[in-house]
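Report on one structure; see the data block that follows.
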Amino acid sequence: MMVSVDVFFVVAGQTSATLLGRYYYHQGGSSKWISTFVQTAGFPILFLALLCFPKSSGGGGASGDAPVAKVAVIYVVLGLVIAADDMMYASGLKYLPVSTYSLICASQLAFNVVFSYVLNSQKLTGLIFNAVILLTLSDALLGVNHDETEDMSGMPRGKYLMGFLLTLGASGTYSLILSLMQLTFENVIKKHTYTAVLNMQIYTALVATVASMVGLFASGEWRMMTEEMDTFRSGQFSYFMTLVWTAVSWQITSVGVVGLVFEVSSLFSNVISTVSLPIVPLFAVLIFHDTMDGIKIIAMLIAAWGFVSYLMQHFIDDKKARKAERVGYH
């Protein structure tokens, strides 16, 4: 049941957050640091969820039975890496159409396979390797497709390439974060409770939010907020609600992502993240009128093929596990 809830959180939250993030830029927003800030700033709402899991059920503290100082250092390091990753994602979303951005994000699965193998002892099979190759090929097609030199905002070719590289780098960093979280749960926290999941999300998001605020004020972009609000095409109230619901959507996504890392694995969590791959571009075509040319369609089909390859491997592993369990029971 919890895995099903987490899957819903990831798919629904990621789809809405990505579309709202692009809507912010589409309506006249331009601050990358504000976009970075809202990706983690909604973490206080998780304290409400934390109240639903009493401390007596285990893992009520930030570290469970693990050394508090050690866990605190891990949270700080992960939070800073998350802030940098959010910045790259925000920049990529500014420079790319949503459909292209979403397809490039599929590369995070390929990165995660590597990190899971190195850090989490995840076995590599033919089907998983096939998924990596196909998703890499999907991204390569988008990378060489420079015919699309402008999006709805008139973005030049150089910005397109910068957006491509930043999004690709963000996908790799995101995969590393998931593997490090799994490593932390397995070797440091060692608490099998959902409170541990919420603590991981709350404290890393707190650090990332503080880092984003420092960047926002150091860059001077905080002065742009009043001007952005006044010039936002759909109005001031729409500007405020866009930022609020973007923040909420990212927190819903993050809880689902961390929950799947905790319940299953970082690789499985990343696979579920790619479920929104065919969903976001379709909404982007309808809402933002992004072009869906032949190259994007081919890239989407190849990425879907890679996704199915991983699901087949997961099905095979689950079937073997159930068979072994029945044999052990008898």
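Positions of Cβ are set from backbone N, Cα and C atoms, glycine also.
Noted in TrEMBL for the protein shown:
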TRANSMEM  33-54  transmembrane segment
TRANSMEM  66-84  transmembrane segment
TRANSMEM  96-119  transmembrane segment
TRANSMEM  126-144  transmembrane segment
TRANSMEM  164-185  transmembrane segment
TRANSMEM  197-218  transmembrane segment
TRANSMEM  238-262  transmembrane segment
TRANSMEM  267-288  transmembrane segment
TRANSMEM  294-312  transmembrane segment
Top partner of the transmembrane segment (66-84) among 33-54, 164-185, 197-218, 294-312 - counted as Cβ pairs under 8 Å: 197-218
Listed stretch, out of 33-54, 96-119, 164-185, 197-218, 294-312, that has the most CB pairs under 8 angstroms to the transmembrane segment (238-262): 33-54
Positions on the same chain near the transmembrane segment (33-54), where near means CB under 8 A and six or more residues out: 17, 21, 24-25, 60, 82-83, 86-87, 89-90, 93-94, 193-195, 198-199, 201-202, 205-206, 208-209, 212-213, 215-216, 219, 221-222, 224-225, 228, 243, 246-248, 250-251, 254-255
Non-local residues, at least 6 beyond the ends, that sit with Cβ under 8 Å of the transmembrane segment (197-218): 31, 33-34, 36-37, 39-41, 43, 46-47, 49-50, 53, 59, 61-63, 72, 75-76, 78-80, 82-83, 86-87, 181, 184-185, 189, 251, 254-255, 258-259, 262
